[in-house]
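Q: The structure follows.
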Amino acid sequence: MTTFSLILRVYKNQTIAFIATLLVIPHYALIRYALTQVQDMGGYFWFVLTLYAVWRWWERKQSPWLYLGSIAVAFGMLTKESGSMGALFAGMLFLFDKVPAKEKVVYFTKFSIFPLLVLFVNQMRGHDLQFNSFDLLKYSWTYYGAENYTFIRWLGVNTTTYNVIWVAFFIGLYYFIKNFKQLSREIKLFQLAIIPSSLTYFIWPVFIARTVVISAWFILPMAAYGLYAICQRYPRAHSAAVGYVLVAICTPYLLQGALGYVHVFSIIDNCHIKPSCIWQTFYKKRMTL
């Protein structure tokens, strides 16, 4: 509901908001990792709540919404790293807001209160327990980065995470650029302001769907806009669009169940793009599924 309300307030269009939400809720990466308890869904809840609260603040500059966004970031920091990444979205809204620099400093100060308090308490507690999150990140980069931080794995994870949705995304991106001057300021601001948060998965040393999916709130609204634009231009395409959405939802589950295809790009990378090695490794892994 938070995603639906957010996209509705941005695009002012129930169809686009509904399609985007329909693509988010049953998304393969969210469901798969949530059910196996290696994806903390609480992190993404706080992330989306931050987006919504800060956007509501931006609409009318009501301080309670800004404080809610601040609290959401603070709780997100306690839940999962992804839960705090909405702070970048807030920062972009502060940056693009047409107010004097002094007012932007006031916004930033109000928004920073709760996250800074959590950082301070965590730092003190971490010192007592001899634990440092930054040291853990450095260790992860040293141990996992060299093998996993490659272009092929990045391409593979993004391909398998969004699958056929990429078609609608690029259609949406085309119409976004084509109609840029006609689009409302809200749409342009949201899609541009969400980009930094969407790219934060590059911080982690491993490309994996459960971190890459933070970009869903940039990609899926754009994909929904693309489908809507096609249906507006070609009214007879409505049935095809409905079918496309169903295919987009089901395809990752079907392909993974039949082929275990999320491993394909890792195999390609490990085999250095050698066809015989790729086929043999993929076949052996498929037999063990």
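Backbone N, Cα and C define each Cβ position, glycine as well.
Straight out of TrEMBL:
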{"type": "TRANSMEM", "residues": "15-35", "note": "transmembrane segment"}
{"type": "TRANSMEM", "residues": "42-58", "note": "transmembrane segment"}
{"type": "TRANSMEM", "residues": "64-96", "note": "transmembrane segment"}
{"type": "TRANSMEM", "residues": "105-124", "note": "transmembrane segment"}
{"type": "TRANSMEM", "residues": "151-177", "note": "transmembrane segment"}
{"type": "TRANSMEM", "residues": "189-208", "note": "transmembrane segment"}
{"type": "TRANSMEM", "residues": "214-231", "note": "transmembrane segment"}
{"type": "TRANSMEM", "residues": "243-268", "note": "transmembrane segment"}
Q: Using a Cβ-Cβ cut-off of under 8 Å, list the residues of the same chain that are 6+ residues beyond the ends of the transmembrane segment (42-58) and lie near it.
A: 2-3, 5-6, 9-10, 30, 65-66, 68-69, 72-73, 75-76, 79-87, 89-90, 93, 97, 111, 190, 194, 197, 213-214, 217
Q: Does the transmembrane segment (64-96) come near the transmembrane segment (151-177), with 3+ Cβ pairs under 8 Å (pairs 6 or more apart)?
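A: These two stretches do not touch.
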Q: Grab the same-chain neighbours of the transmembrane segment (15-35) for me: Cβ-Cβ under 8 Å, and only residues 6 or more beyond its ends, written as numbers and ranges.
A: 3-5, 7-8, 41, 44, 161, 163, 165, 209-210, 212-213, 216-217, 220-221, 223-225, 227-228, 245, 248-249, 252-253, 256
